[in-house]
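In what follows, a single structure is set out as structure tokens and then discussed.
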């Protein structure tokens with residue numbers, strides 16, 4: 001973990017209120033799929049950092065890409081960043097995805113919902129690099145909210161579900177995955193809690209890893225703002241920022 005400043009290379013709105021932010025900095029060397037950064041807004045009245053998942057990184061170029069959606073004052077502040085600006089960053093943080101499994105999987109299903117889609121990109125890229133057959137299933141409210149279909153196509157097959165039917169299959173991600181003829185060797189998923197619950201219920205016998213989306217304050221396990229009950233004892237809790245955000249599906253109670 002490192003508190004540092006990163007420089008903005010580029011920022012682009014790639015979907016409705018969704019921005020692609022390209023940063024450069026030394027902390028890229030320590031990044032792994034599924035981790036996140038805590039970004040500090042520039043406004044003095046916004047005291048709390050905001051957690052943003054890492055979409056991708058290039059350790060040789062020392063660059064990373066963050067995708068985020070404007071949800072409030074903090075992310076609106078980030079959307080005003082432009083080339084050459086700097087931003088105060090804490091990270092990379094959290095426990096990411098386990099991609100070095102034994103035995104190695106031959107097929108992997110990556111399921112993302114909304115702003116839970118971004119971490120699936122680097123994960124899919126690295127799995128494909130290991131020879132794993134990757135299938136992406138991305139869920140959005142509407143076509144105007146969708147992003148990164150072309151980029152993900154470089155590393156696997158991409159399926160899209162939209163609630164209003166304006167792109168891909170009308171419905172939810174499980175309306176696609178429940179019709180697959182065979183189950184994958186491993187599943188990775190990130191998105192809203194209701195989606196993760198549905199994924200967990202649909203594949204009870206498949207090795208599944210879930211990246212939880214929780215509101216965070218500190219990002220380092222000190223404040224207990226982002227806890228999740230343990231599956232084997234609801235009185236005990238995981239700290240999502242420190243113990244996660246990635247957990248085995250059988251570890252957590254959603």
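Glycine is no exception: its Cβ is also placed from the backbone N, Cα and C atoms.
Record features, source Swiss-Prot:
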- 1-99: domain 'FAD-binding FR-type' (DOMAIN)
- 50, 51, 52, 53, 67, 68, 69, 74, 75: FAD binding site (BINDING)
- 218, 223, 226, 241: [2Fe-2S] cluster binding site (BINDING)
Of the binding-site residues listed here (52, 67, 75), which is spatially closest to residue 223 ([2Fe-2S] cluster binding site) when Cα positions are compared? 52
An 8 Å radius from the center of the 50, 51, 52, 53, 67, 68, 69, 74, 75 Cβ atoms defines the neighbourhood of the FAD site; name the other residues of that chain inside it, in order. 39, 66, 71, 78, 115
Please report the distance from the Cα of residue 69 (FAD binding site) to the Cα of residue 241 ([2Fe-2S] cluster binding site), rounded to the nearest angstrom. 20
With DSSP, how much of the domain 'FAD-binding FR-type' (1-99) is helix, how much strand and how much coil, in residues? 11 helix, 50 strand, 38 coil
Want to know which binding-site residues, from 218, 226, 241, are within 10 Å of residue 52 (FAD binding site) at Cα; which are they? none
Whole-number Å distance separating the Cα atoms of residue 218 ([2Fe-2S] cluster binding site) and residue 67 (FAD binding site) is 20
Measuring Cα to Cα, tell me the gap between residue 50 (FAD binding site) and residue 241 ([2Fe-2S] cluster binding site) in whole angstrom. 12
Give me the non-local Cβ neighbours of residue 75 (FAD binding site): same chain, 6+ apart in sequence, Cβ-Cβ under 8 Å, ordered along the sequence. 50, 68, 69
